[in-house]
Number of protein chains: 2
Amino acid sequence: MGLSHTLEQVGERHVIHEIVAAAPSALNGDDAAVLYPAAPNSRTVASTDMMVEGRHFRRDWSTAAEVGQKAIVRNFADIEAMGARPTAALLAIAAPGDTPVGYVRGIAQGIAERCALYNAELVGGDLTRSDSLVINVTAMGSLGGSGAPLTLDKARAGQTLVAHGKIGYSAAGLALLERFGRALPQELEDLWPLVDAHCAPTLTPGRGVIARATGSTAMTDNSDGLVRDMGLMAQRSSVNIDLDPAAIAPDALLVSAGAVLDVDPWEWVLSGGEDHTLLATTYKAAPSGFREIGQVQRGTGVTVGGEAPRFTGGWESFA
Amino acid sequence: MGLSHTLEQVGERHVIHEIVAAAPSALNGDDAAVLYPAAPNSRTVASTDMMVEGRHFRRDWSTAAEVGQKAIVRNFADIEAMGARPTAALLAIAAPGDTPVGYVRGIAQGIAERCALYNAELVGGDLTRSDSLVINVTAMGSLGGSGAPLTLDKARAGQTLVAHGKIGYSAAGLALLERFGRALPQELEDLWPLVDAHCAPTLTPGRGVIARATGSTAMTDNSDGLVRDMGLMAQRSSVNIDLDPAAIAPDALLVSAGAVLDVDPWEWVLSGGEDHTLLATTYKAAPSGFREIGQVQRGTGVTVGGEAPRFTGGWESFA
């Protein structure tokens, strides 16, 4: 049966076969997956995240592989943000009966591609029918050694705030898609990295472990918006986080996109989420792959160069 | 704000607050949950399962608490079916904006209630908006010691097949709901246990661990239908599984419901899934809480008293 057949034409077992063929694992195929500890002295870290078609992705904006890639990156960023190493993922898909088998296979391929970069595997899942396409990924990871995980409540006055990854790119890419769809005019083709950052963000695997190994104490990722996510860390840690305006200023691509769309690119930087950039605090120099973007101080809330942020919005599921 | 308010009225943070208040855990609240091993020499077991409104439950048939209870039991049964102890759950909910906050809180309460029976906790989750209500639970458990998990491929000729839990009750309960809704006529009130078994099945926590500790080698749960689930075990283990017709014969409740609905109750026993009854094979006597229901023999497939089963259907997501 070809991949242009639909789920209801081929049935559940064949679709599961396609998923497992695209993302194979020896741990898959029983009632539950048994994960062997990566090291004798380690803890399991787990996080879950649901993506709904039309809300988190659109089939006309993202390829199936990009949807799978995004699902993995947003989940594994939460594992990395604890200072842990992603090791496994579980995939649950609810899909309409007329969904092409090839689309589901493409999602699994995107998942497998990104999992491979992390040395992780898709170890189990579930498939069911629904009116709209819903993708749930649960990520698991391994926190080695006896040291503490990097939690939101461990930022301390005197530390530096460091970042790994782009900030504002995903929101700018979404704004471009909302204006042009995938038909980005040829003269704007330099802006494709912004669209790519929205459809399938990329982080360098392992940066979370490096941050923990080199003395970071608090970490999270930029999922709801820089000011909002830093605001949560500031609140939990009872500190002020002051962002350095020179370090987070929109780069040439964001400025260019802002000019095209007549949007202040600072809004994307301060309010745009879904970059999944790692944001950590440390008393030491920025770990490899990270750059300094601010300071942790006594006080409360988030400031930019000592001033109130000009944009404070962010992702709200029921706005 | 009252629980009759809707999700879009109160917003994401308030709803999450309600869920966490109903099902509190000290492990919840950061990017990911860190699970401490229950024993030095143990492995993590994980499984995920998605429930879609209208397909796996109906709001006019099940209370919110029952939906939460069912979500936990069907997931924890998969953990138990490996011989492991459920320890934690992650909850992702996609819901329409007009969903009452009280309904989501009720789901969380049902989850907390059942988790408590297992000494497990709801350690994290996700909440987003969608057109239909979708609930995804990921269950995690601990497999103690160095012994093998109870997998589908370890049934051996000469073993006895043993079961813990009802068989056919969930399918009979669904059939009653399809005929009467929740308005079961007063003269049929003896049949409520069947409806309850569909809306919120109950297993005695810990039976999976007991089966493993007492020498069972293979185990699964009755989720898709007795013949279908045993057929998968028979195939993976390259054996025949012969069900004892006297041991699985419909009991008085099933016979009574069959007479009311003019259905052969053997169909519910052989084809009905969602009981999540544990089905294990062992060379020894039935473990505490289990009863003998068949034999493992050389051969292939599933038989009932040596004959081909009269009903072989089962759950199919895209039928």
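Even glycines carry a Cβ here, placed using N, Cα and C.
Those TrEMBL annotations? Automatic predictions, nothing curated.
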Residue from A:His56, A:His164 that TrEMBL also lists as binding substrate with A:Glu274, A:Trp315: A:His56
Interface-adjacent binding-site residues, chosen from A:Thr48, A:Asp126, A:Asp224 when a CB lies under 8 A of chain B: A:Thr48, A:Asp126
Listed binding-site residues (A:Asp126, A:Asp221, A:Asp224, A:Glu274), ranked by Cβ neighbours within 10 Å, top entry: A:Asp221
Helix, strand and coil residues within the domain 'PurM-like N-terminal' (A:29-142) as assigned by DSSP: 34 helix, 46 strand, 34 coil
Using Cα positions only, nearest of the binding-site residues to A:Trp315 (substrate binding site) (A:Ser47, A:Thr48, A:Asp126, A:Asp224): A:Asp224
Under 8 Å by Cβ from A:Asp78 (Mg(2+) 3 binding site), counting only residues of that chain that are 6 or more apart: A:Ser47, A:Asp49, A:Ala139, A:Asp221, A:Ser223
Confidence summary for the domain 'PurM-like N-terminal' (A:29-142), mean pLDDT rounded: 95
Cβ-Cβ distance under 8 Å to A:Thr48 (Mg(2+) 1 binding site), same chain, at least six residues away: A:Asn75, A:Asn136, A:Val137, A:Thr138, A:Ala139
